[in-house]
Amino acid sequence: MDFSPLPIEDGFSADRLFSQGYSYTYDDVIFLPHYIDFPIDAVSLSTRLTRNIDLSLPCVASPMDTVTEDYMAAAMAALGGIGIVHSNCTAADQARLVVSAKSRRVPIFSSSLDVFKAPDGCINDANDFDGSNYVFVTESGTRRSRILGYVTKSDWENLSDNKVKIFDYMRDCSSNVSVPANYDLGQIDEVLEKNDVDFVVLEKDGERLDVVTREDVERLKGYPNLGKGTVGPDGKWMVGAAIGTRESDKERLEHLVKAGVNVVVLDSSQGNSSFQIEMIKYAKKTYPELDVIGGNVVTMYQAQNLIEAGVDGLRVGMGSGSICTTQEVCAVGRGQATAVYKVSSIAAQSGVPVIADGGISNSGHIVKALVLGASTVMMGSFLAGSTEAPGAYVYQNGRRVKKYRGMGSLEAMTKGSDQRYLGDKAKLKIAQGVVGAVADKGSVLKFIPYTMQAVKQGFQDLGASSLQSAHDLLRSRTLRLEVRTGAAQVEGGVHGLVSYEKKSF
């Protein structure tokens, strides 16, 4: 009788786990730890967005009108990721957002960080400062018009009558200091010190773009890992933009190319269509140097069709977003973990990078998406509510929040996003998303670096020092997985406490 030890086989390989006929989400699966033989600082998250575009961080801001405009696109590029500007606006407006994001090298935007009022306005209470120490006075009360003066919080607090018009006690700054919009942080800091001023005005071609205060610069210095960012061949930050698949989108594409866009995403909830395939071929023929990302897809068959049409990247996900109701309304879609693994498996054969779009709620989800085969993760709700996201903060039940809506919501569809769901010609509009609100998260310049550090820790536990290493370990069946029961998922989170405070960093 042979008593020699049996080979150790623990857990399941990915190909076996994802061939059982179940559709798994990120929370359904868990990776088993592997062997560590390197320090966490040795983990590299550099990756490819497309065949030709490299990123130092695998983070992409989703093309949603409550997530990505010029502020978010510039901030994501500064971090080493990229933002995709939404198309729920006119082609000219979208092109202006691209130009705005690419026109600077400091990710500060006054419209989200500072407050502007007209000369005849009043500051009624401290909330009017909206977290800033300044209120700027401009001719029209908007950030684009000429600056006349400013009021500090201490100026307002020393007033005996807060009904006084702001023009009567503002500090004059008719001789304000201006600098080119492409000045970096060090250059702006030097100008502030040399001129002993509290702020400078960023200008491009004589137009005022923004105001950068001394307070802004000091805060930015404190953000971790703010490096050179994602810079294109033109020396400017790389910015992407979404387009549809209609004939009118060919004109939109022309506007975006003239604005210097670096990559376009064909924005459709179901990308395997004749409309998208025709647009891919048109874009690649007309602008051969421009990278085109296709999607959304969730099956290998869908992916293969778009790969054959010539895409440079694939966007994966259908109905997995927190504000998306596609799976509920249309009974079509796939669990995101399964979708990412299946599509990545076939895309890798052609060297086409995959973007895992949707379902990201924490750093663990990012680890799972990347290890299962994605090259980047696209985030909507994870970034919504941040300083850089479009929209104003409001208070709900004592919490500071920003609006966040699905592009399939009726509210977004009235702005033009129904084209994404091939419903722009339909007489009846059927919602595939909702409108909600998300809590204030602060700046992406702060929480994304901390999130990426957590992702690195996950990679270290798996014995993967890079995305390529993780993919190799998965495909060689070295990395093992299991499905978690509902009880296991509860056990894997905080439980059994009367109360607790959870701080991510």
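Every residue gets a Cβ built from N, Cα and C, even glycine.
Listed in TrEMBL for this protein:
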| type | residues | note |
| --- | --- | --- |
| ACT_SITE | C324 | active site, thioimidate intermediate |
| ACT_SITE | R420 | active site, proton acceptor |
| BINDING | G319, G321, C324 | K(+) binding site |
| BINDING | S322, D357, G358, G359, G380, S381, Y404, R405, G406, M407, G408, Q432 | IMP binding site |
| DOMAIN | 24-495 | domain 'IMP dehydrogenase/GMP reductase' |
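Only G358, of the binding-site residues G358, G380, Y404, have a C-alpha within 10 angstroms of the C-alpha of the residue listed as 'active site, thioimidate intermediate'.
There are 22 other Cβ atoms within 10 Å of the Cβ belonging to Y404 (IMP binding site). In this structure, the C-alpha atom of G319 (K(+) binding site) lies 8 angstrom from that of G358 (IMP binding site).
Looking at G358 (IMP binding site) and G321 (K(+) binding site), their Cα atoms lie 5 Å from each other. Just so you know, the Cβ of G380 (IMP binding site) picks up 27 other Cβ atoms within 10 Å once every protein chain is counted. Neighbours of G358 (IMP binding site), defined as other CB atoms within 10 A of its CB across all chains, total 28. Of all the recorded positions listed here (G319, G321, S322, C324), it is S322 whose C-beta has the fewest other C-beta atoms within 10 angstroms.
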